[in-house]
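Enquirer: Dumping the structure here so I can ask a few things about it.
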Amino acid sequence: MHVDSPRQANALLKKAVPLMRKMDVAPTPYNYGIWYEYVRQTSPKLNQLVDTTIGRLGSLPSFVSKELFHQFLVAEEARYNNEHKDRLEQLVENVSQSTTDMKSSLKTLESNVAKSRKVLARADRAKHLDKVINFLDKGTQKALQDADEFSKTLSRVNKEVSQLKAELEEIKNNVDLDPLTQLLNQKGLERQLYTLVPSSEDDLSVLIIDIDHLKSVNSNYGRRAGTALICHISRVLQSRKLENATLARLHGGTFAVVLHEATLDFAIEYAEILRTHLNKQRLKSRNGSGILPSIQVSIGVATIIGQENPANLIARANGYLDNAKRQGRNRTASR
Ligand SMILES: Nc1nc2c(ncn2[C@@H]2O[C@H](COP(=O)(O)OP(=O)(O)OP(=O)(O)O)[C@@H](O)[C@H]2O)c(=O)[nH]1
């Protein structure tokens with residue numbers, strides 16, 4: 001997957017958004033995703049499909065962009081990872097082997113039946129009846145065994161295919177989620193922001209919250225304690241979530257909170273409430289290495305300016321977070 005720098009993303013969005021407006025395309029995450037990749041010219045096939053659809057229908061209906069999104073964007077990230085590919089290849093190999101065995105077994109039975117028929121057609125058939133019955137009995141027993149084996153293989157394969165389908169479906173649904181906390185991941189957050197920005201009126205604020213000295217927590221108390229700390233903060237953020245807010249874990253110990261209809265002053269106040277609440281919490285380490293120091297986080301807060309694009313807004317909040325770290329950590333900065 002390619003990751004564009006904020007500058008590149010900005011330039012691409014400047015091309016994509018006017019096109020979307022011209023086509024009267026709704027500002028949904030799917031549409032942003034598709035038109036972003038369209039102007040980026042990531043896949044000639046995608047561009048060709050978009051052009052053909054617009055040529056035929058005069059626009060790109062949302063069900064088409066949703067399908068293209070799953071086909072071209074999700075597919076790239078999630079659909080067929082190597083593990084799934086290997087499992088599918090193994091399945092096809094198993095079915096193919098079983099089918100060959102079954103075919104050869106049926107052929108043998110067919111030839112046994114033909115031979116028996118010939119014997120029964122002879123004048124002295126009475127002499128050979130026992131032999132023929134035995135012969136046919138053995139042949140059918142063998143075919144039944146093989147058919148049973150084949151049917152077992154088929155149901156194994158069927159079960160495995162259903163499981164693969166379910167796993168792929170889950171990957172598709174979770175492509176925007178952070179597996180550790182089930183909050184949105186960075187990509188999910190960006191998609192959300194693309195839908196929120198057009199309707200915001202200078203009142204969309206972003207908090208980037210980063211755990212202070214997570215590296216030391218990992219080395220002093222073990223990585224499990226560090227991960228437990230990440231999960232704990234995620235739970236605190238969820239329990240203190242404001243209505244209409246969006247939460248994400250961007251990476252490691254870094255979270256984002258998007259506040260809709262929140263001025264900069266309000267967002268700073270809310271950031272301070274979260275930070276001081278976290279300061280009062282202590283986590284106990286399970287491996288007996290003691291109680292972790294009080295939770296400290298640094299927070300960068302930015303409020304959207306005019307038609308600022310999401311990547312820029314996040315980059316500004318990250319810049320303010322760096323300022324909070326430089327000024328000594330465990331504080332909120334908005335400049
Ligand atoms: N336990 C745990 N650690 C993680 C996880 N993801 C990333 N990390 C680690 O978290 C640490 C984050 O370090 P930084 O943010 O660079 O620095 P820091 O020690 O938190 O220091 P400051 O952010 O400057 O206060 C790195 O050592 C990562 O390896 C995770 O899921 N669990």
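Cβ atoms here come from the backbone N, Cα and C positions, even for glycine.
Got these off TrEMBL a minute ago, pasting:
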- 81-174: coiled coil (COILED)
- 202-335: domain 'GGDEF' (DOMAIN)
Enquirer: I'd like to know the mean pLDDT over the coiled coil (81-174).
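Expert: Mean model confidence (pLDDT) across the coiled coil (81-174) is 79.
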Enquirer: By DSSP, what is the split of the domain 'GGDEF' (202-335) into helix, strand and coil residues?
Expert: 58 helix, 30 strand, 46 coil
